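A.B. asks: Shown below is the structure under consideration.
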Amino acid sequence: MAPNHLPASFQLFCTTAFFLILLHLHHCSAFGQNYHDALRKSILFFEGQRSGKLPPDQRVRWRRDSGLHDGASAEVDLTGGYYDAGDNVKFGFPMAFTTTLLSWSVIDFGKNMGGGELGNAIKAVKWGTDYLLKATAHDGVVYVQVGDPLSDHNCWERPEDMDTLRTAYRIDANNPGSDVAGETAAALAAASIVFRSRDPAYSRLLLNRAVKVFEFADRHRGAYSSSLHYAVCPFYCDNNGYQDELLWGAAWLHKASRRRVYREYIVRNEVVLRAGDTINEFGWDNKHAGINVLLSKEVLMGRAADLKSFQINADEFICSVLPGFSHTQVQYSPGGLIFKAGGSNMQHVTSLSFLLLAYSNYLSHANHAVPCGETSASPALLKRLAKRQVDYILGDNPLRMSYMVGYGPRYPQRIHHRGSSLPSVQAHPTRIGCKAGSRYYLSPNPNPNLLVGAVVGGPNISDAFPDSRPYFQESEPTTYINAPLVGLLAYFSAHS
Ligand SMILES: *[C@@H]1O[C@H](CO)[C@@H](O)[C@H](O)[C@H]1NC(C)=O
C-alpha cells in the first residue's frame, strides 16, 4: 500500500465542487494519470480472459490453454473466444457486444494508440471475431454459449482445470434469438471496418458473415431467453427485448457496407423497433444510446437527413447524463462517479463515457453543440465529463485507489475471478478440483495472479469499495467494462 500523499482538503474540494463547477472544471486530478500505461494494461486484460489454445506471443504467462474441447459435444469447433468475467462460461451475447465495442474503440481512436497498442488492440478484436466466425459457421444456426452456467458457478476452478459441463447452446429458426444474433452481426460488421485495409480478405469474410447473420436475426424474430431461459438467465437474459439489436446490427452494417438497404431498413423500422426508448442506456443488453450516437455521425456529416431523429435522441441522451442540468436522469456518487443500480456499475461508467467522447468528436467536426433546454453543452464539456469518469477509475476518487488491477499504487487485491485468485498452473501443477477451490475463494489473502488491466465493478453509490471476492457486484471484472475503456484511454493518452 502506498502512502497517502493527497491532502484531504484537495479531495474534499474535488468532491463537493464537482457538480457546481463541472462547466468550468479543467483539472481535478492530483496525479496526472498515465493514460498510455492504463491503455496498455486495459488491452492486456483481454489476454487474461482468453479461452482456447494460447498463441506463442501470449503475454499473460500465468494462463494456459483451456476449453480445448469446447463444441465437441455438438460436433463443432467452438474453441477460443473470451470468458466474460470471473467465471469460465463463454457467453456469446456479452462476447459479441465486447467485440463490437473493441472495434468501435479501434475505429474511432485507433489513430491515438501509440507504442504498439494499436496492434495489440487489433489482436484483441480478432480473438473475438475468430470465435464468432466459428459460432456462425453453419447457416441458420448461431452457437450462443459454451458452458452450463449452473455447473460452472457451482465450482471455483481454474479454466485450465475445468471439468464442468461444457454444453454448447444454439439458436436456430425454431428457437430464434434476434438479440444475440443482431449483436453478433454488429460485431462482425464493426470488425470488418477494423480489418478493411489491414487484411481485406478477412474483412470481406467478416462482412459477408455479418450480412447472413443479420438476415437470420431479422427473419426469425424472438428473444434467445425464451428458448434458452435456463441457460442464459439470470446471467445474460435479454431483459429489454431484441428490437434494439436489430437496429444496432443494421446501423453497423450500414456503416460497414454503405449499402442503402440497411439505411432503408433503419428508417422503415425506426418506430416499430422503438428507437426512441430508454435513451440513456447502453450496455450488453440495451443498445439504444449507442444506436443514436452512431447514426448521429452520419447526420452531423450531412450524409443522412432521414436519420435526423436519431440525432435528436442522441442530444436528449447527452442532456440526461450531464450533471446539474434540469434534464439530468443519471445519478452520480458524491465523488462524481456515474452510478446505475444493478451491480457492475463500471460497465455503465465506461460505456456512457465512451458515447460522450465519441459524440463530442462527431459534434466538434460539425461545429455543433447540444441544446439542453435553456443552455447548451459544448463538445469540450462532454469530453471533460468523460475524462472525469476515466480519472475516477484511475485513482482520482475519495478512496484514492485505482479500480484497474496493476495500475497506480493502490488497486483491488481480491477480485472475483477464478483464474486470478487460484494459484497458477505453474505454481501448482496438480489439479484443484471444483470444491477444493473454495478455500482460495474464501481466503482473505490477495489474489496470487495479477490480472493486469482488469477493471472491476467498482464502488457503491457512497464511493465505498469492499475489496472482497464474495462481493462480485463490486469486485468482478468483465470484458464489456474494458472494451469501451480502451477507446477512452487511447484518446486521453494522445490528448492530455
Ligand atoms: C457502501 O458500502 C459501505 C461499505 O461497505 C457501506 O457501509 C454502505 O452502507 C454502502 N452504501 C450503500 C448505499 O449501499
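The backbone N, Cα and C atoms fix where each Cβ goes, glycine too.
Sharing the feature lines straight out of TrEMBL:
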type	residues	note
ACT_SITE	H416	active site
ACT_SITE	D467	active site
ACT_SITE	E476	active site
DOMAIN	35-489	domain 'Glycoside hydrolase family 9'
SIGNAL	1-30	signal peptide
A.B. asks: Just name the most isolated of the active-site residues D467, E476, going by other Cβ atoms within 10 Å of its Cβ.
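C.D. replies: Across D467, E476, these active-site residues, the one with fewest Cβ atoms within 10 Å is D467.
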A.B. asks: If you count Cβ atoms within 10 Å of the Cβ of H416 (active site), leaving out that atom itself, what do you get?
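C.D. replies: A 10 Å sphere around the Cβ of H416 (active site) contains 24 other Cβ atoms.
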A.B. asks: What's the CA to CA span in angstrom from H416 (active site) over to E476 (active site)?
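C.D. replies: Cα-Cα, rounded: 5 Å.
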A.B. asks: Where does the mean pLDDT land for the domain 'Glycoside hydrolase family 9' (35-489)?
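C.D. replies: Reported value for the domain 'Glycoside hydrolase family 9' (35-489) is a mean pLDDT of 96.
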A.B. asks: Fill in the CA-CA distance, E476 (active site) to D467 (active site), as an integer in Å.
C.D. replies: 10
